[in-house]
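A.B. asks: Look at TrEMBL and you will find 5-80 tagged as domain 'TECR-like N-terminal'. Per TrEMBL, the feature transmembrane segment maps to 85-107, 166-184, 196-215, 256-281. Positions annotated as domain '3-oxo-5-alpha-steroid 4-dehydrogenase C-terminal' by TrEMBL: 155-308.
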């Protein structure tokens, strides 16, 4: 069996960082990363990006050396991705924050609304209902992170957690401040508006959970397998007939329902910002589906049926 020699250079300055002798032909990029870590322990595998070209795409961990367009002396280029943190840790931090922050405003802890309102309770039913819905949403997200989601990538850059937490925690505080404010006024159309909005919220939460379960079932535990998602017997998954990312469609729908229920401008702005970001993600996933699967259903749109 012919062995390979692998030379790893810094992608920026072309300096030789490592030379690996007698590498097995069937070695994966993940195994090469582990070998590289032995000589440079400061760069653990999750921070490494190895590529065939200094400005090219990162090779996948599962790529096999002998199947790459390289000779028996292979040159790979290294880029440091920076300190990494697990996706599970990121999601738990992102979602626990809003849950806790919202409750601080709901229970009107001291120094928020003034001394005379400390630990008082709103007289409006919609305020209590909004707290239940908001808490349910983030408890659901936390449980899904622990027991449902299967991540194709184990980690993300540590710097992202600060950006993501600023977004989630900041908006949670802004929304909670106004919804739980002693001067808050209920929606214009009263109970009818609240009931309609609650129905939208609940349906979309059930839909979002159903899509997450369907996506989980597509990928066996410990696998990075990608398949085309199709509707199941669950009616909430039938939205797959028309959009590539119905989990985002339902997510946006939930926040629209919450905005209608509370008739609160910060919630509407949060919904708009979230919709904008999720549309970007949905378009990216839609493009990758079209690129990867030739038989991908042509009627599907990224996030909104027939439109977007």
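For all residues, glycine too, the Cβ spot is worked out from N, Cα and C.
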A.B. asks: Quick one: average pLDDT across the domain 'TECR-like N-terminal' (5-80), no decimals.
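C.D. replies: That region's mean pLDDT is 90.
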A.B. asks: Check the transmembrane segment (166-184) against the transmembrane segment (196-215) for contact, please; criterion is three or more CB pairs under 8 Å, pairs 6 or more apart in sequence.
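C.D. replies: Result for the transmembrane segment (166-184) with the transmembrane segment (196-215) is no.
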A.B. asks: Against which stretches of its own chain does the transmembrane segment (256-281) lie, if we need a Cβ under 8 Å and a gap of at least six residues from its ends?
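C.D. replies: Distant Cβ neighbours of the transmembrane segment (256-281) are 126, 129-130, 133-134, 167, 171, 174-175, 177-179, 186-188, 193-194, 196-201, 204, 245, 248, 302-303, 308.
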A.B. asks: Near the transmembrane segment (85-107), which residues from the same chain, at least 6 beyond its ends, have a CB less than 8 A from one of its CBs?
C.D. replies: 119, 127, 131, 134-135, 138-139, 141-142, 145-146, 149, 151, 153-158, 160-161, 164-165, 168-169, 171-173, 175-177, 179-180
A.B. asks: Using Cβ atoms and a strict cutoff of less than 8 Å, what residues sit near the transmembrane segment (196-215) while being 6 or more residues removed from its termini?
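C.D. replies: Counting only partners 6 or more residues beyond its ends, the transmembrane segment (196-215) has Cβ contacts under 8 Å with 129, 133, 136-137, 140, 144, 148-149, 187, 229, 232, 234, 236-237, 239-240, 246-247, 249-251, 253-254, 256-261.
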A.B. asks: For the domain 'TECR-like N-terminal' (5-80), what does DSSP give as the number of helix, strand and coil residues?
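C.D. replies: The breakdown for the domain 'TECR-like N-terminal' (5-80) reads 17 helix, 28 strand, 31 coil.
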